[in-house]
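Peer 1: Have a look at the structure that comes next, please.
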């Protein structure tokens, strides 16, 4: 790079003094000529730069559509602190098309999903602003779950049942323990020494639904392991029937809660949220000028398409990546994928907790977890039912146990109408325990052995007491 003009000016003065001592005639004039030439170069380059800027601005001024598009591009891509991570998206596509190592494809896809998930959440807020506070909150939670839903559908399409179940379970766990826990923890540290009030009516609706979902998972697990029939085919078909009827019940419960929140008891939820919405109405007005409703929808569809490409890469390469990195697939699916998918919700929930708007934080974390548990899981189960894929609600013993304890811990955390940092600290530590558990305990490799080995042992114990002959099908 050329030095700035001031420094060059100073340098030339020094040169003039030296040359003056040596030769009073010729050197100063040569130095002056050189200096003039350099100054001319600087002025010409700066004038060309300003000219270029002027021509660009005049071109934008002539085309208002172009100016609006440029403003939207700047808002969508540069409006996030995760902007540098967008570079991982083309890198993931390049790594896939140039047949790089599967680890690179997986890593770039995972990194690229984080800013995309954050921007989907941002765009859904624009769309939600027109829908009113409660409906907007629900819409925001739905759009926040787009990455998880797309990953689940790709896993279902590729018949990777375990990855499908693990990613959905991990999303519920991370919303309830990590997102909610760290929000309450950081919000509580800001308000240290104080107990803050908490409106628990919305939390009660979510906790009730989550407990119903946990019951459906327990029923599927227990029915598989306590059934006395020796025939494994009839056993799995009875678990499938139970899971499918449970899925219908879960959907009915979810739509019942929507009716409750949006229609019959709407005033309860909107009274609390009006105050929080009024404070953010000024920045909404500034946002709306750049990205309108229609363009937000178009951007959202585009982002969802890119998320679909990356999700496909993630699901395709997850097993090979886990082998070469030495990290269990179960840990990647339950812990890493949801952390990336929930990055946006996580950031938003913590920011609201910092501002003492804990009700919005609860709405984000609990709303998202409830939606995965009571809408996404049953919808995917019904989609697989229609396509003849045998997916059930049996998530294995350790996974179901983690889910049930998570829901119970969250329910007890929110049982009184106060919040402080210790509650959040406990939730985060619960998440750490579950993460360590899934990292250390290796899952059994085949799809059918994990639940069956447990059931065969229990059946073996039962039959030992009845003095029955040993089973042949243990192999």
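Placed from the backbone N, Cα and C atoms, the Cβ positions cover glycine too.
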Peer 1: For the annotation transmembrane segment in TrEMBL, which listed range does it cover: 43-66, 331-354?
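Peer 2: Range annotated as transmembrane segment by TrEMBL: 331-354.
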Peer 1: When you get a sec, could you say which of 242-260, 261-279, 394-412 is annotated transmembrane segment by TrEMBL?
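Peer 2: Checking TrEMBL against the ranges 242-260, 261-279, 394-412, the transmembrane segment one is 242-260.
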Peer 1: Suppose I define contact as three or more CB-CB distances under 8 A, residues 6 or more apart in sequence; do the transmembrane segment (242-260) and the transmembrane segment (361-386) meet it?
Peer 2: yes
Peer 1: Any residues 6+ beyond the ends of the transmembrane segment (205-222) with a Cβ under 8 Å from its own?
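Peer 2: Counting only partners 6 or more residues beyond its ends, the transmembrane segment (205-222) has Cβ contacts under 8 Å with 172, 176, 239, 242-243, 246-247, 249-250, 253-254, 257, 260-261, 362, 366-367, 369-370, 373-374, 377, 392-397, 400, 403-404, 407, 410-411, 414, 451.
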Peer 1: In the same chain, who gets a Cβ under 8 Å from the transmembrane segment (290-311) while lying at least 6 residues past its ends?
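Peer 2: Distal contacts: 68, 71-72, 75-76, 89, 92-93, 109, 112-113, 116-117, 119-120, 123-124, 126-127, 130, 143, 146-147, 150-151, 154.
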Peer 1: Using DSSP, break the domain 'Sodium/calcium exchanger membrane region' (296-439) down into helix, strand and coil residues and give each count.
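Peer 2: Within the domain 'Sodium/calcium exchanger membrane region' (296-439) the tally stands at 120 helix, 2 strand, 22 coil.
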